[in-house]
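Input: a single structure, listed below in structure tokens.
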Amino acid sequence: MSGSSSIVAMKKVVQQLRFEASLNRVKVSQAAADLQQFCLQHAQQDPLLTGMSSSNNPFRPQKVCSFL
Amino acid sequence: MGEIEELRKEADSLKDQITAARKAVQDTTLQEAVASITVVGRVQMKTRKTLRGHLAKIYAMHWGADAKLCVSASQDGKLIVWDSITTNKVNAIPLKSSWVMTCAYAPSGNLVACGGLDNMCSIYNLKGKDGNVKVMRELAAHTGYLSCCRFLSDSEIITSSGDCTCVLWDIETGTQKTIFAGHQGDCMSLAVSPDFNFFISGACDFTAKLWDIREGQCRQTFGGHESDINAIGFFPNGNAVITGSDDATCKLYDLRADQELITYQDSGIMCGVTSLAPSFSGRLLLAGYDDFNVNIWDALKAERVGVLAGHDNRVSCIGVSADGMACCTGSWDSFLKIWN
């Protein structure tokens, strides 16, 4: 009968739930608006989103012409 | 007997309280809130580089902070540091244990770490005096496999383990500073917040937890997934968390509203998510799946806007470089690919 250890464990669970329940929550409308605003504000600095020309792309080798 | 019943009733009542409190702030949905913006146009990326050299399945990769170097770990028993632009191998580090499951690059660029079925996190110094890369520290205390690790600095690292805990280590002394216990299943993945004050963990108990690093406390727990969470990441503003699961979906949870805002799913996708990474602005979510593909999602509209197809086996890891210039995928086919 592991009575006392499961009581200790349950007390921890209850303590944690009390803590999580006490959180101040922001309205979803505010949270969603902030996410949208962040995306739009940073869109132009997101190369995977906007694409880039080969001259701006460090991973795309420039084809160089040289005179022989 | 009476006391346990009382505690159980209190726990259930608190869970109901949390559910009610979350509903109380649910004045809209993300879907409704973004109804007026249009879906991102079709995203097409090409493989710009293929990093060849590993001889077995790649399990993990991590970009360095300079957005040029990256480290990968394979069950061929090697950690390789690559120059992603030239495709040169900067370091090829032989490991004591080939059963590696994770690797990490320190923000300074001085250290890399890895671990796996040896239950340890091994720290390697890339900038040793004689030019040889050596084991600097072996962090041993976990009683289960090392699933993920992430550096806070050259002196601190956080690990997640199959023993259901996460640990903050002092690298210098090799000791555990804080043990983060609470998950009821193997911890599979972790991510550190942009301000380095928090980290999130995803586990086989189907939940994600937000932890306060300095207080050592779990702040919030997020449920909803119907299977193991394999991958987790922060939305770039640090206020939301994205998870990827064996239930074939990814979910976005907002930290301040304390709830799930949206699920990224498609009836055509029936296999597990192995890895994920947001693009620089957070607008794109790149997720690797067991079916060898990476799906690109419009993170706000939850619609698929692209696919990266090119690997011949499961995509096990994915990362977007710090400047957002490129995405790197690692696969069980032993190759890494750089896309943009």
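Each Cβ is built from the backbone N, Cα and C atoms, and glycine gets one as well.
Now, the feature entries from TrEMBL:
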COILED    B:4-31  coiled coil
REPEAT    B:51-92  repeat 'WD'
REPEAT    B:139-179  repeat 'WD'
REPEAT    B:180-221  repeat 'WD'
REPEAT    B:222-263  repeat 'WD'
REPEAT    B:308-340  repeat 'WD'
Under DSSP, the repeat 'WD' (B:51-92) has how many residues in helix, strand and coil? 0 helix, 23 strand, 19 coil
For the repeat 'WD' (B:51-92) and the repeat 'WD' (B:180-221), does the number of C-beta pairs under 8 Å, pairs 6 or more apart in sequence, reach 3 or more? no
With helix taken as DSSP H, G or I, strand as E or B and everything else coil, how many residues of the repeat 'WD' (B:222-263) land in each class? 0 helix, 23 strand, 19 coil
Residue distribution over DSSP helix, strand and coil in the repeat 'WD' (B:139-179): 0 helix, 25 strand, 16 coil
With DSSP as the reference, give the number of residues of the repeat 'WD' (B:180-221) in helix, strand and coil. 0 helix, 24 strand, 18 coil
Residue distribution over DSSP helix, strand and coil in the repeat 'WD' (B:308-340): 0 helix, 17 strand, 16 coil
